[in-house]
Amino acid sequence: MAVLAALLRSGARSRSPLLRRLVQEIRYVERSYVSKPTLKEVVIVSATRTPIGSFLGSLSLLPATKLGSIAIQGAIEKAGIPKEEVKEAYMGNVLQGGEGQAPTRQAVLGAGLPISTPCTTINKVCASGMKAIMMASQSLMCGHQDVMVAGGMESMSNVPYVMNRGSTPYGGVKLEDLIVKDGLTDVYNKIHMGSCAENTAKKLNIARNEQDAYAINSYTRSKAAWEAGKFGNEVIPVTVTVKGQPDVVVKEDEEYKRVDFSKVPKLKTVFQKENGTVTAANASTLNDGAAALVLMTADAAKRLNVTPLARIVAFADAAVEPIDFPIAPVYAASMVLKDVGLKKEDIAMWEVNEAFSLVVLANIKMLEIDPQKVNINGGAVSLGHPIGMSGARIVGHLTHALKQGEYGLASICNGGGGASAMLIQKL
């Protein structure tokens, strides 16, 4: 060691080429070692969400940022920590037109967090809420922060119409719906997400009656879950104030009660008239809502004397051809399982976001997983799909629904051919 120390101290000119190379390699190894610290364990200490409102329904008077504030405040209160402990926040939000600058900043300050709290808004289309959790986890793992808030928010009821800037043409102007333009259209093939779902249904030979049956099952499961109190630990009430009228308190999801099973098989297909399979009943709906989780390192949980609900085990992103987005979660989920050395049989519960019934059926088919373990309390088809929120909602739901020691895997597709997946373990 004394010889090595002398070599490192000696001048470069006094060394032979061989010695110079040896010194460089020693310093490289030294540098590589110190740049790879042990990652910190990340735990979930609370997970809350607002009820999900129907399009132009019970929550339509509240912007996404207000819904986000309510979810964030609820999560911090459930965690039982001072707001000053939250060092940073990430929130998913897709349809930001007309919301004003920095939506996450609005949500965080609206929740009463300190002015000094850094905020970032994430847009990965429907995977935004989950990606926010993933990015917060990375920051916690590497020790950059020790307590964070992450989640997602969306108010599809408040998304504006737009027109192109420029001189007004003869004959009038054309307004475009930003829900469709920025949220539900495959920009590469210039088709609606539902047309992409039809393409996958054809490729995998998934018939309409299978999708209808799945949708009915989703509504049935959601109703049973609400009646059994399965959502009680995650949903916080929202008070809606209307000038000159009594306040309205929204306590439960609105969408799952708005179904007539007798009409499901009779509905016309939406995106493909001949031999189509996707209908308004077996697809998710347009909705409003927000979800938030308080994440922290295991060390921070000990310092703050809070009991973690679950730990984040692994996560991954994947991407396929844009038109094939419904099957992208298959690859993200497979990557997660491979990374941690688990088998699909080791997963007690799966949450596969129900953008369309087709998406879940395709993932069940390709992964060869037990349908009885998938979306056991319903999903986006029956509960609703506020697109920036859903990725956070399904992670939060697993956090409460799993039993101690069980693994749960949440996955969600996103426009452009992407997907995200996250594995958690109940503590």
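Cβ coordinates come from backbone N, Cα and C, glycine included.
Annotation source Swiss-Prot lists transit peptide at 1-33, citing similarity to another entry. Feature annotation from Swiss-Prot assigns N6-acetyllysine to Lys66, Lys174, Lys190, Lys223, Lys257, Lys273 (among others). What Swiss-Prot records for Lys66, Lys78, Lys181, Lys190, Lys230, Lys268 (among others) is N6-succinyllysine, and it gives similarity to another entry as the kind of evidence. The annotation active site, acyl-thioester intermediate is assigned in Swiss-Prot to Cys126 on the grounds of a curator's inference. Feature annotation from Swiss-Prot assigns CoA binding site to Tyr219, Arg258, Val259, Asp260, Lys263, Ser284; the stated evidence is experimental evidence. Here Swiss-Prot flags Tyr219, Ala280, Ala281, Ala283, Val381 as K(+) binding site, drawing on experimental evidence. Here Swiss-Prot flags His385 as site 'Increases nucleophilicity of active site Cys'. The annotation active site, proton donor/acceptor is assigned in Swiss-Prot to Cys413.
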Cα-Cα, Ala280 (K(+) binding site) versus His385 (site 'Increases nucleophilicity of active site Cys'), nearest Å, comes out at 13
Among the recorded positions Lys174, Lys181, Lys230, Lys257, Val259, Lys263, which ones place their C-alpha within 10 angstroms of the C-alpha of Ala281 (K(+) binding site)? Val259, Lys263
Which one is it: of the modified residues Lys78, Lys174, Lys190, Lys257, whose Cα lies the shortest distance from the Cα of Ser284 (CoA binding site)? Lys257
In three-state DSSP terms, Asp260 (CoA binding site) is classed as coil
For the K(+) site (Tyr219, Ala280, Ala281, Ala283, Val381), what does the 8 A shell look like? I mean other same-chain residues with CB within 8 A of the CB centroid. Ala215, Ser218, Val259, Val264, Thr279, Asn282, Ser284, Thr285, Ser357, Ser382
So of all those recorded positions, Cys126, Tyr219, Asp260, Ala283, which one's Cα sits nearest to Lys268 (N6-succinyllysine)? Ala283
10 Å Cβ neighbour count around Lys263 (CoA binding site)? 11
Output the one of Lys66, Lys174, Lys181, Lys268, His385 that, of all these recorded positions, has the highest number of other Cβ atoms within 10 Å of its Cβ. His385
Within 10 Å of Val381 (K(+) binding site) by C-alpha distance: pick out those among the recorded positions Lys78, Cys126, Lys181, Cys413, and say none if nothing qualifies. none
Should one count Cβ atoms within 10 Å of each candidate's Cβ, the modified residues Lys223, Lys273 would be headed by Lys223
Hey, how far is Lys230 (N6-succinyllysine) from Cys413 (active site, proton donor/acceptor), Cα to Cα, in Å? 25
